[in-house]
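Straight from TrEMBL, the features:
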- 60-132: domain 'RRM' (DOMAIN)
- 174-257: domain 'RRM' (DOMAIN)
- 254-272: compositional bias 'Basic and acidic residues' (COMPBIAS)
- 254-274: region 'Disordered' (REGION)
- 279-356: domain 'RRM' (DOMAIN)
Amino acid sequence: MASVADRLGVSKSQLLDPTSSDAAVKQAHAETHVIQETKAYFSANGVNIESFKQRERGNTALLLKNFTYGVSSEDIRKLCEPFGQLTRLLMPPSGTIAIVEFAMPDETLRAFKGLAYKRIGDSILYVEKAPKNLFEGGPPVTMPSLLNQKVVSQGFSTSDTFKADEPEAPMESATLFVRNLNFVTTDAGLSDLFRPLDGFISAQVKTRPDPKKPGERLSMGFGFVEFKSRAQAEAALKALNGYKLDQHELVIKPSHKGMDASEQRRREDNAKKASAKRTKIIIKNLLFQATKKDIWSLFAAYGQLRSVRVPKKFDRTARGFAFADFVSSREAENAMDALRNTHLLGRRLVLEFVSEEATDPEDQIKEIEKKVDAQVNKVKIQKLMGPGRKKFHVDADLED
(Lines of atoms letter the chains of each structure in order from A and count residues from 1; the text may use other names and numbers.)
(Lines give C-alpha, C1' and ligand atoms only; values in the text may rest on other atoms or scores of the structure.)
Protein backbone atom coordinates (compact mmCIF):
# COMPACT_ATOMS: atom_id res chain seq x y z
CA MET A 1 0.00 0.00 0.00
CA ALA A 2 2.90 2.33 0.72
CA SER A 3 4.20 1.79 -2.82
CA VAL A 4 0.87 2.60 -4.47
CA ALA A 5 0.16 5.56 -2.19
CA ASP A 6 3.57 7.07 -2.88
CA ARG A 7 3.19 6.82 -6.65
CA LEU A 8 -0.30 8.30 -6.49
CA GLY A 9 1.06 11.17 -4.43
CA VAL A 10 -1.28 10.56 -1.48
CA SER A 11 -0.91 9.20 2.02
CA LYS A 12 -1.92 5.67 2.99
CA SER A 13 -4.66 7.09 5.21
CA GLN A 14 -6.11 8.89 2.19
CA LEU A 15 -5.88 5.77 0.05
CA LEU A 16 -7.54 3.64 2.73
CA ASP A 17 -10.03 6.04 4.23
CA PRO A 18 -11.39 4.35 7.39
CA THR A 19 -14.76 6.03 6.79
CA SER A 20 -14.97 4.62 3.25
CA SER A 21 -17.23 1.64 2.59
CA ASP A 22 -14.99 0.27 -0.18
CA ALA A 23 -11.59 0.32 1.55
CA ALA A 24 -11.22 -3.45 1.05
CA VAL A 25 -11.85 -3.10 -2.70
CA LYS A 26 -9.29 -0.29 -2.99
CA GLN A 27 -6.73 -2.45 -1.23
CA ALA A 28 -7.49 -5.35 -3.57
CA HIS A 29 -7.06 -3.07 -6.61
CA ALA A 30 -3.76 -1.80 -5.24
CA GLU A 31 -2.51 -5.34 -4.66
CA THR A 32 -3.55 -6.38 -8.15
CA HIS A 33 -1.76 -3.39 -9.70
CA VAL A 34 1.47 -4.22 -7.86
CA ILE A 35 1.28 -7.90 -8.87
CA GLN A 36 0.63 -7.09 -12.54
CA GLU A 37 3.42 -4.51 -12.66
CA THR A 38 5.90 -6.83 -10.94
CA LYS A 39 5.14 -9.70 -13.31
CA ALA A 40 5.53 -7.41 -16.34
CA TYR A 41 8.86 -6.08 -15.06
CA PHE A 42 10.30 -9.53 -14.38
CA SER A 43 9.10 -10.89 -17.74
CA ALA A 44 10.71 -7.95 -19.55
CA ASN A 45 14.00 -8.68 -17.82
CA GLY A 46 14.28 -12.34 -18.73
CA VAL A 47 12.55 -13.98 -15.76
CA ASN A 48 10.51 -17.10 -16.48
CA ILE A 49 7.32 -16.43 -14.49
CA GLU A 50 6.14 -20.03 -14.97
CA SER A 51 9.17 -21.29 -13.01
CA PHE A 52 7.60 -20.02 -9.77
CA LYS A 53 5.00 -22.80 -10.03
CA GLN A 54 7.61 -25.53 -9.55
CA ARG A 55 8.99 -26.70 -6.22
CA GLU A 56 12.56 -27.42 -7.29
CA ARG A 57 14.96 -24.67 -6.20
CA GLY A 58 18.05 -23.37 -7.98
CA ASN A 59 21.47 -22.64 -6.50
CA THR A 60 22.51 -19.28 -7.97
CA ALA A 61 19.65 -16.85 -7.30
CA LEU A 62 17.78 -15.61 -4.22
CA LEU A 63 14.45 -13.88 -3.64
CA LEU A 64 14.57 -11.04 -1.10
CA LYS A 65 11.26 -10.02 0.50
CA ASN A 66 9.69 -8.03 3.33
CA PHE A 67 11.99 -5.02 3.18
CA THR A 68 10.58 -1.55 3.80
CA TYR A 69 9.27 0.39 0.81
CA GLY A 70 11.87 3.00 -0.05
CA VAL A 71 14.85 0.63 0.05
CA SER A 72 16.70 1.12 -3.24
CA SER A 73 18.42 -1.38 -5.50
CA GLU A 74 21.72 0.18 -4.49
CA ASP A 75 20.97 -0.64 -0.85
CA ILE A 76 20.31 -4.25 -1.84
CA ARG A 77 23.52 -4.34 -3.86
CA LYS A 78 25.62 -3.11 -0.93
CA LEU A 79 23.96 -5.68 1.28
CA CYS A 80 24.73 -8.60 -1.06
CA GLU A 81 28.18 -7.76 -2.49
CA PRO A 82 30.15 -8.89 0.61
CA PHE A 83 29.03 -12.47 -0.06
CA GLY A 84 30.24 -12.71 -3.66
CA GLN A 85 30.03 -11.40 -7.21
CA LEU A 86 26.56 -10.28 -8.28
CA THR A 87 25.72 -11.05 -11.90
CA ARG A 88 22.16 -9.74 -11.84
CA LEU A 89 19.95 -7.66 -9.53
CA LEU A 90 16.31 -7.01 -10.37
CA MET A 91 13.95 -4.81 -8.35
CA PRO A 92 10.56 -3.89 -9.84
CA PRO A 93 9.18 -0.34 -9.59
CA SER A 94 6.89 -1.32 -6.71
CA GLY A 95 9.99 -1.91 -4.55
CA THR A 96 8.43 -4.86 -2.71
CA ILE A 97 10.68 -7.73 -3.84
CA ALA A 98 14.11 -8.24 -5.38
CA ILE A 99 15.96 -11.01 -7.22
CA VAL A 100 19.73 -11.32 -6.85
CA GLU A 101 21.88 -13.72 -8.85
CA PHE A 102 25.43 -14.70 -7.86
CA ALA A 103 28.21 -16.03 -10.06
CA MET A 104 28.84 -19.19 -8.00
CA PRO A 105 26.56 -21.52 -5.99
CA ASP A 106 28.75 -21.32 -2.88
CA GLU A 107 28.39 -17.52 -2.90
CA THR A 108 24.62 -17.93 -3.09
CA LEU A 109 24.67 -20.29 -0.11
CA ARG A 110 26.76 -17.86 1.96
CA ALA A 111 24.39 -15.02 1.11
CA PHE A 112 21.38 -17.18 1.97
CA LYS A 113 22.76 -17.92 5.42
CA GLY A 114 24.11 -14.42 6.01
CA LEU A 115 21.07 -12.43 4.91
CA ALA A 116 18.25 -14.52 6.37
CA TYR A 117 16.29 -12.50 8.97
CA LYS A 118 18.77 -9.65 8.74
CA ARG A 119 17.37 -6.26 9.75
CA ILE A 120 17.09 -3.79 6.89
CA GLY A 121 15.41 -0.48 7.58
CA ASP A 122 12.43 -1.07 9.82
CA SER A 123 11.85 -4.67 8.73
CA ILE A 124 13.33 -8.15 8.89
CA LEU A 125 14.60 -9.48 5.56
CA TYR A 126 13.08 -12.74 4.29
CA VAL A 127 15.35 -14.75 1.99
CA GLU A 128 14.21 -17.62 -0.24
CA LYS A 129 16.06 -19.69 -2.82
CA ALA A 130 14.78 -18.86 -6.30
CA PRO A 131 13.23 -21.58 -8.49
CA LYS A 132 15.37 -23.59 -10.86
CA ASN A 133 15.59 -22.27 -14.44
CA LEU A 134 14.46 -18.84 -13.22
CA PHE A 135 16.04 -16.92 -16.08
CA GLU A 136 15.29 -17.44 -19.75
CA GLY A 137 18.06 -17.47 -22.32
CA GLY A 138 19.58 -14.22 -23.53
CA PRO A 139 20.37 -10.93 -21.84
CA PRO A 140 17.57 -9.08 -20.05
CA VAL A 141 15.63 -6.45 -21.99
CA THR A 142 15.98 -2.92 -20.69
CA MET A 143 12.53 -1.59 -19.88
CA PRO A 144 11.86 2.15 -19.64
CA SER A 145 11.93 3.11 -15.99
CA LEU A 146 8.56 3.23 -14.28
CA LEU A 147 9.96 4.59 -11.05
CA ASN A 148 9.66 8.21 -12.07
CA GLN A 149 6.41 7.79 -13.95
CA LYS A 150 3.63 9.92 -12.46
CA VAL A 151 0.49 7.88 -12.02
CA VAL A 152 -2.71 9.84 -12.37
CA SER A 153 -4.96 9.38 -9.37
CA GLN A 154 -8.10 7.70 -10.61
CA GLY A 155 -9.31 6.46 -7.23
CA PHE A 156 -9.31 2.92 -8.68
CA SER A 157 -12.51 3.65 -10.55
CA THR A 158 -14.15 1.29 -12.97
CA SER A 159 -12.38 2.98 -15.86
CA ASP A 160 -9.00 1.80 -14.56
CA THR A 161 -8.74 -1.43 -16.57
CA PHE A 162 -6.00 -3.97 -17.06
CA LYS A 163 -5.62 -5.87 -20.30
CA ALA A 164 -5.11 -9.60 -19.95
CA ASP A 165 -2.26 -11.37 -21.70
CA GLU A 166 -3.91 -12.87 -24.76
CA PRO A 167 -2.53 -15.75 -26.80
CA GLU A 168 0.09 -14.31 -29.10
CA ALA A 169 0.23 -15.21 -32.76
CA PRO A 170 3.64 -16.21 -34.16
CA MET A 171 5.64 -13.18 -35.23
CA GLU A 172 5.44 -12.84 -39.00
CA SER A 173 7.25 -9.52 -39.26
CA ALA A 174 9.37 -7.10 -37.25
CA THR A 175 6.50 -4.60 -36.96
CA LEU A 176 4.22 -4.14 -33.95
CA PHE A 177 0.62 -2.93 -34.01
CA VAL A 178 -0.10 -0.59 -31.05
CA ARG A 179 -3.73 0.03 -30.03
CA ASN A 180 -5.50 2.13 -27.39
CA LEU A 181 -3.31 5.17 -27.97
CA ASN A 182 -4.37 8.44 -26.43
CA PHE A 183 -5.48 10.86 -29.16
CA VAL A 184 -2.90 13.36 -27.88
CA THR A 185 -0.02 10.89 -28.39
CA THR A 186 2.22 11.91 -31.30
CA ASP A 187 4.84 10.15 -33.40
CA ALA A 188 7.52 11.71 -31.22
CA GLY A 189 5.90 10.51 -28.00
CA LEU A 190 5.53 6.96 -29.31
CA SER A 191 9.10 6.99 -30.61
CA ASP A 192 10.47 8.20 -27.26
CA LEU A 193 8.86 5.21 -25.55
CA PHE A 194 10.30 2.55 -27.88
CA ARG A 195 13.64 4.20 -28.76
CA PRO A 196 15.58 2.78 -25.75
CA LEU A 197 14.83 -0.79 -26.90
CA ASP A 198 17.27 -2.67 -29.10
CA GLY A 199 16.60 -2.67 -32.84
CA PHE A 200 14.14 0.23 -32.88
CA ILE A 201 13.76 1.82 -36.32
CA SER A 202 10.63 3.97 -36.39
CA ALA A 203 7.22 4.60 -34.84
CA GLN A 204 4.17 6.12 -36.51
CA VAL A 205 0.73 7.09 -35.22
CA LYS A 206 -1.95 6.60 -37.87
CA THR A 207 -3.89 9.79 -38.61
CA ARG A 208 -6.74 11.03 -40.81
CA PRO A 209 -7.68 14.49 -42.13
CA ASP A 210 -9.58 16.72 -39.70
CA PRO A 211 -12.88 17.60 -41.45
CA LYS A 212 -13.35 20.66 -39.23
CA LYS A 213 -9.82 22.02 -39.64
CA PRO A 214 -8.49 21.70 -43.20
CA GLY A 215 -4.79 20.95 -43.33
CA GLU A 216 -4.68 19.34 -39.88
CA ARG A 217 -4.85 15.66 -38.99
CA LEU A 218 -6.44 13.64 -36.17
CA SER A 219 -5.06 10.54 -34.49
CA MET A 220 -6.93 7.30 -35.14
CA GLY A 221 -5.91 5.81 -31.79
CA PHE A 222 -3.43 3.25 -33.10
CA GLY A 223 -0.01 3.09 -34.70
CA PHE A 224 2.88 0.90 -35.85
CA VAL A 225 6.42 0.43 -34.52
CA GLU A 226 9.14 -1.15 -36.66
CA PHE A 227 12.22 -3.07 -35.46
CA LYS A 228 15.24 -4.59 -37.20
CA SER A 229 14.36 -8.21 -36.37
CA ARG A 230 11.42 -10.32 -35.27
CA ALA A 231 13.18 -11.26 -32.03
CA GLN A 232 13.67 -7.61 -31.09
CA ALA A 233 10.04 -6.83 -31.91
CA GLU A 234 8.87 -9.76 -29.78
CA ALA A 235 11.05 -8.61 -26.87
CA ALA A 236 9.58 -5.10 -27.14
CA LEU A 237 6.05 -6.54 -27.14
CA LYS A 238 6.74 -8.45 -23.91
CA ALA A 239 8.38 -5.42 -22.32
CA LEU A 240 5.80 -2.74 -23.06
CA ASN A 241 2.45 -4.47 -23.56
CA GLY A 242 0.21 -2.87 -20.92
CA TYR A 243 2.52 0.10 -20.34
CA LYS A 244 0.72 3.41 -19.70
CA LEU A 245 1.52 6.18 -22.18
CA ASP A 246 -0.32 9.48 -21.79
CA GLN A 247 -2.65 7.80 -19.26
CA HIS A 248 -3.66 5.08 -21.74
CA GLU A 249 -2.66 1.43 -21.28
CA LEU A 250 -1.14 0.20 -24.54
CA VAL A 251 -2.34 -2.98 -26.24
CA ILE A 252 0.47 -4.28 -28.44
CA LYS A 253 0.16 -7.09 -31.00
CA PRO A 254 2.30 -8.44 -33.82
CA SER A 255 1.50 -6.68 -37.09
CA HIS A 256 0.78 -8.77 -40.18
CA LYS A 257 1.97 -7.53 -43.55
CA GLY A 258 -0.73 -6.69 -46.03
CA MET A 259 -3.35 -6.15 -43.31
CA ASP A 260 -4.68 -2.85 -42.11
CA ALA A 261 -5.98 -2.21 -38.61
CA SER A 262 -9.59 -3.15 -39.36
CA GLU A 263 -8.55 -6.46 -40.94
CA GLN A 264 -6.30 -7.18 -37.99
CA ARG A 265 -9.13 -6.50 -35.54
CA ARG A 266 -11.47 -8.71 -37.62
CA ARG A 267 -8.95 -11.54 -37.52
CA GLU A 268 -8.70 -11.34 -33.72
CA ASP A 269 -12.49 -11.29 -33.34
CA ASN A 270 -12.93 -14.33 -35.57
CA ALA A 271 -10.32 -16.22 -33.59
CA LYS A 272 -12.16 -15.48 -30.36
CA LYS A 273 -15.51 -16.54 -31.82
CA ALA A 274 -13.97 -19.86 -32.79
CA SER A 275 -12.95 -20.48 -29.19
CA ALA A 276 -15.44 -21.29 -26.47
CA LYS A 277 -17.19 -18.19 -25.19
CA ARG A 278 -16.53 -17.81 -21.49
CA THR A 279 -18.05 -14.77 -19.84
CA LYS A 280 -19.10 -15.99 -16.40
CA ILE A 281 -16.67 -16.37 -13.49
CA ILE A 282 -17.34 -18.11 -10.19
CA ILE A 283 -15.54 -16.49 -7.26
CA LYS A 284 -14.83 -18.90 -4.40
CA ASN A 285 -13.32 -18.56 -0.91
CA LEU A 286 -15.19 -15.33 -0.24
CA LEU A 287 -15.52 -14.07 3.28
CA PHE A 288 -19.17 -14.12 4.37
CA GLN A 289 -18.99 -10.35 4.96
CA ALA A 290 -18.24 -9.69 1.27
CA THR A 291 -21.19 -7.91 -0.34
CA LYS A 292 -22.52 -7.68 -3.88
CA LYS A 293 -21.27 -4.08 -4.01
CA ASP A 294 -17.72 -5.24 -3.12
CA ILE A 295 -17.72 -7.85 -5.90
CA TRP A 296 -19.16 -5.42 -8.43
CA SER A 297 -16.63 -2.68 -7.58
CA LEU A 298 -13.73 -5.12 -7.76
CA PHE A 299 -14.61 -6.78 -11.09
CA ALA A 300 -16.11 -3.76 -12.88
CA ALA A 301 -12.59 -2.31 -13.17
CA TYR A 302 -11.79 -4.92 -15.82
CA GLY A 303 -14.79 -4.67 -18.12
CA GLN A 304 -18.53 -4.17 -18.43
CA LEU A 305 -20.50 -6.46 -16.15
CA ARG A 306 -23.82 -7.97 -17.15
CA SER A 307 -24.65 -9.13 -13.62
CA VAL A 308 -23.22 -10.06 -10.22
CA ARG A 309 -24.82 -12.61 -7.91
CA VAL A 310 -23.94 -13.44 -4.32
CA PRO A 311 -26.08 -16.49 -3.43
CA LYS A 312 -27.45 -16.62 0.12
CA LYS A 313 -28.86 -19.28 2.42
CA PHE A 314 -32.39 -19.33 3.81
CA ASP A 315 -31.24 -17.25 6.80
CA ARG A 316 -29.91 -14.55 4.38
CA THR A 317 -26.25 -15.27 5.17
CA ALA A 318 -23.78 -15.61 2.30
CA ARG A 319 -22.64 -19.00 1.02
CA GLY A 320 -19.02 -17.99 0.46
CA PHE A 321 -19.04 -17.72 -3.31
CA ALA A 322 -20.35 -15.41 -6.04
CA PHE A 323 -20.78 -15.09 -9.81
CA ALA A 324 -19.61 -12.26 -12.08
CA ASP A 325 -20.97 -12.29 -15.63
CA PHE A 326 -19.23 -10.05 -18.21
CA VAL A 327 -20.55 -8.77 -21.51
CA SER A 328 -17.64 -10.28 -23.47
CA SER A 329 -15.22 -13.16 -23.00
CA ARG A 330 -12.25 -10.85 -23.41
CA GLU A 331 -13.29 -8.77 -20.42
CA ALA A 332 -13.81 -11.93 -18.38
CA GLU A 333 -10.31 -13.08 -19.32
CA ASN A 334 -8.93 -9.69 -18.28
CA ALA A 335 -10.50 -10.05 -14.85
CA MET A 336 -9.41 -13.66 -14.48
CA ASP A 337 -5.81 -12.88 -15.36
CA ALA A 338 -5.59 -9.78 -13.14
CA LEU A 339 -7.39 -11.05 -10.03
CA ARG A 340 -6.29 -14.66 -9.81
CA ASN A 341 -3.77 -13.82 -7.02
CA THR A 342 -5.73 -11.03 -5.32
CA HIS A 343 -6.98 -11.01 -1.73
CA LEU A 344 -10.32 -9.53 -0.66
CA LEU A 345 -10.92 -8.97 3.05
CA GLY A 346 -7.86 -11.08 3.81
CA ARG A 347 -8.83 -14.11 1.71
CA ARG A 348 -7.23 -15.15 -1.56
CA LEU A 349 -9.82 -15.29 -4.32
CA VAL A 350 -10.23 -18.58 -6.17
CA LEU A 351 -11.54 -17.88 -9.69
CA GLU A 352 -12.85 -20.34 -12.27
CA PHE A 353 -14.69 -19.97 -15.55
CA VAL A 354 -18.24 -21.29 -15.72
CA SER A 355 -18.90 -23.06 -19.01
CA GLU A 356 -22.03 -21.92 -20.79
CA GLU A 357 -22.88 -25.51 -21.71
CA ALA A 358 -22.43 -26.79 -18.17
CA THR A 359 -25.11 -26.81 -15.50
CA ASP A 360 -25.13 -23.69 -13.37
CA PRO A 361 -23.08 -24.46 -10.20
CA GLU A 362 -25.70 -22.69 -8.13
CA ASP A 363 -28.39 -25.04 -9.45
CA GLN A 364 -26.15 -27.98 -8.69
CA ILE A 365 -25.74 -26.78 -5.11
CA LYS A 366 -29.52 -26.42 -4.74
CA GLU A 367 -30.03 -29.99 -5.97
CA ILE A 368 -27.47 -31.27 -3.47
CA GLU A 369 -29.18 -29.35 -0.66
CA LYS A 370 -32.55 -30.86 -1.62
CA LYS A 371 -31.09 -34.35 -1.48
CA VAL A 372 -29.51 -33.66 1.92
CA ASP A 373 -32.79 -32.25 3.28
CA ALA A 374 -34.68 -35.31 2.04
CA GLN A 375 -32.15 -37.60 3.73
CA VAL A 376 -32.40 -35.65 7.01
CA ASN A 377 -36.20 -35.81 6.95
CA LYS A 378 -36.08 -39.55 6.34
CA VAL A 379 -33.82 -40.03 9.36
CA LYS A 380 -36.15 -37.93 11.52
CA ILE A 381 -39.17 -40.03 10.51
CA GLN A 382 -37.30 -43.23 11.35
CA LYS A 383 -36.44 -41.87 14.81
CA LEU A 384 -40.08 -40.92 15.45
CA MET A 385 -41.25 -44.39 14.53
CA GLY A 386 -38.60 -45.93 16.77
CA PRO A 387 -36.91 -49.34 16.38
CA GLY A 388 -39.32 -51.12 18.83
CA ARG A 389 -42.58 -50.01 17.26
CA LYS A 390 -44.51 -52.65 15.37
CA LYS A 391 -46.20 -52.02 12.09
CA PHE A 392 -49.91 -52.85 11.90
CA HIS A 393 -52.71 -52.46 9.40
CA VAL A 394 -56.35 -51.62 10.23
CA ASP A 395 -58.62 -54.19 8.67
CA ALA A 396 -61.60 -52.73 6.89
CA ASP A 397 -63.97 -55.40 8.32
CA LEU A 398 -63.03 -54.55 11.92
CA GLU A 399 -63.84 -50.92 11.32
CA ASP A 400 -67.31 -51.88 10.20
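Just so you know, glycine gets a Cβ as well, placed from its N, Cα and C.
In the domain 'RRM' (279-356), the DSSP tally of helix, strand and coil residues is 22 helix, 26 strand, 30 coil. Averaged across the domain 'RRM' (174-257), pLDDT in this predicted model comes to 87. Break the domain 'RRM' (174-257) down by DSSP state and the numbers are 19 helix, 34 strand, 31 coil. Using DSSP to sort the residues of the domain 'RRM' (60-132) gives these counts of helix, strand and coil: 22 helix, 27 strand, 24 coil.
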